[in-house]
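A.B. asks: Below you'll find the structure I mean.
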């Protein structure tokens, strides 16, 4: 009977697979009987007045309005009054298509104010020029998971002036399908790198200032996790800001997205129109203050998410908290940032944002924050952050982006400020509505953060971030290094490994107050002695690991230090060895040879440590003394003058 049940189960799976919609690409690529794209009904939009829009934008900029990149064109298009239906050759699917064109648009996006997709169906939006072997990242797909109580769907941008809207529906469910297109949004600025390339010929580019710093640059090292929390987004297909996923005390990965109240997302209709662009960042580090940094980037806008509901909003501290409609896509590898609601200032701050809603950038401040009211007057609702001359700034489009403490916790979201690449002195600063103020907000769940970010009322003052629950967890790297010395100079070789990625950055501390980020640095010490050296490595997933070792340098002629920094575990009642290879020496050892020993162990009185030469001579260093004290971190001096160079000490056991 088990075999029979198995056969029935396989049959059921086979039927289910046969009724699933085709792959996420235009149906005509898989069904030759469907009309070619050039035969699909075309609707051309009325001309838009771009000159008027740009004149309006000058006034919008003066008022500090959030950036506009598109003009909305009102339409009323449904499958009942537009486009045409066809059936796939196998008779299983009905396919409805409509081409839409708006002359000179740099990109298009669409607002559907009545959307319902039955199970097994899908909606595609793609460039009219899409080819079977073309970039699949330009195709946006929506299905039943995008159904929502507002019955709205707003799409990601499609580069170019002409796009195809395509619905593929199981034939027996066509009656359930609902679609009403009411907004065609004409991009006249250049939203995204592909649209900006189309704009380049006319000199229009929606790029950010050259002083900004790409998140892939070294300034992002150690912050790779919080970088993944930040996304750019569009509102109603025409305006744009920045926001961030935030964690809550339940650690349940609710899709809470924090942004600015002034971005206008505080109503049900505008919240439903959000389209978030995740991991939209340049692939290389463009040196700040170079032409490349101020030019078009290469960030991908293929990782998108549509729709949300409002949880809370409060004008005084300029926050809006949304809950995005859909769970995180594991492939996006998102991060939920922690937060800090304490009533205090901080010694510095970090901003991650989308200036001009272009590729993601990072700004750093090493100046203490201060309390201000919005606009810079006396008050405590906002944090004032002073940017360094070379630490990046924010720009229009950065609004709503998070400001982080040095511990990588959200302290607030960007309200605004005078900062820009050309700003100097105190004008190179910004103001952020504080999480502290927003926590109690206006005194009700709809105007404060506490109900949502601390649902069980734990009273937590701060929490750390939470990584994605999907995909393959990032395995932390293993830090390791070796060293050699010559006189007062030590040369270090990084031998760290990362099993599921690569080492992205290194931070050395040489034990005398000096540091380095080089891969294999050399260090010349001012005086002879033994120094504790630490290496902290960060992998490409943001995980870190630290290795601590020691190095002994001597000012004497020809002095050389040999080490073995490989960690060795010490089991109970066991003998272990840590071999040290000595080569390239002549003559005998010194009568005052220093031997640095570093052993981390509870109760040093349990330990016996010997130095054993290759000829078997044993030099005792430590013999079960020290009582209840822990660890042996000590330099011993031994007379090794009887040891010839080729018979130098071989191991420490």
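Just so you know, glycine gets a Cβ as well, placed from its N, Cα and C.
What Swiss-Prot shows for this protein is this:
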type	residues	note
SIGNAL	1-20	signal peptide
DISULFID	211-421	disulfide bond
DISULFID	217-285	disulfide bond
DISULFID	241-263	disulfide bond
ACT_SITE	262	active site, charge relay system
ACT_SITE	318	active site, charge relay system
ACT_SITE	399	active site, charge relay system
DOMAIN	474-553	domain 'PKD'
DOMAIN	555-653	domain 'P/Homo B'
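Mind running through what each feature is packed against?
C.D. replies: When secondary structure is read from DSSP and collapsed to three states, residue 211 (disulfide bond) falls in the coil class. Taking all protein chains in view, 26 other C-beta atoms sit within 10 angstroms of the C-beta of residue 211 (disulfide bond).
In the three-state DSSP assignment, the secondary structure recorded for residue 285 (disulfide bond) is coil. Cβ neighbours within 10 Å of residue 285 (disulfide bond), excluding its own Cβ and spanning all shown chains: 16.
All protein chains included, residue 241 (disulfide bond) registers 29 other Cβ atoms within 10 Å of its own Cβ.
DSSP gives residue 262 (active site, charge relay system) a helix state.
Long-range neighbours of residue 318 (active site, charge relay system) (same chain, six or more residues apart, CB within less than 8 Å of its CB): 260, 261, 262, 374, 382, 413, 415, 433.
Note: residue 399 (active site, charge relay system) has non-local neighbours 66, 241, 242, 259, 260, 262, 263, 414, 415, 416, i.e. same-chain residues 6+ apart with C-beta under 8 A of its own C-beta. DSSP assigns residue 399 (active site, charge relay system) to coil in the three-state reduction, outside any helix or strand.
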A.B. asks: Tally of helix, strand and coil residues over the domain 'PKD' (474-553) according to DSSP?
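C.D. replies: Helix/strand/coil tally for the domain 'PKD' (474-553): 0 helix, 47 strand, 33 coil.
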A.B. asks: Measure from the Cβ of residue 421 (disulfide bond) and count the other Cβ atoms within 10 Å, all protein chains considered.
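C.D. replies: Residue 421 (disulfide bond) is surrounded by 18 other Cβ atoms within 10 Å.
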A.B. asks: Here the disulfide-bonded residues are 217, 263; which one has the lowest number of other Cβ atoms no more than 10 Å from its Cβ?
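C.D. replies: Least crowded of the disulfide-bonded residues 217, 263, by Cβ count within 10 Å, is 217.
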A.B. asks: Roughly how many Å lie between the Cα atoms of residue 211 (disulfide bond) and residue 217 (disulfide bond), rounded to a whole value?
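C.D. replies: Cα to Cα, residue 211 (disulfide bond) and residue 217 (disulfide bond) are separated by 13 Å.
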A.B. asks: Based on DSSP, name the secondary structure state of residue 241 (disulfide bond): helix, strand or coil.
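C.D. replies: Where residue 241 (disulfide bond) sits, the three-state DSSP reduction gives strand.
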A.B. asks: In whole Å, note down how far the CA of residue 421 (disulfide bond) lies from the CA of residue 217 (disulfide bond).
C.D. replies: 18
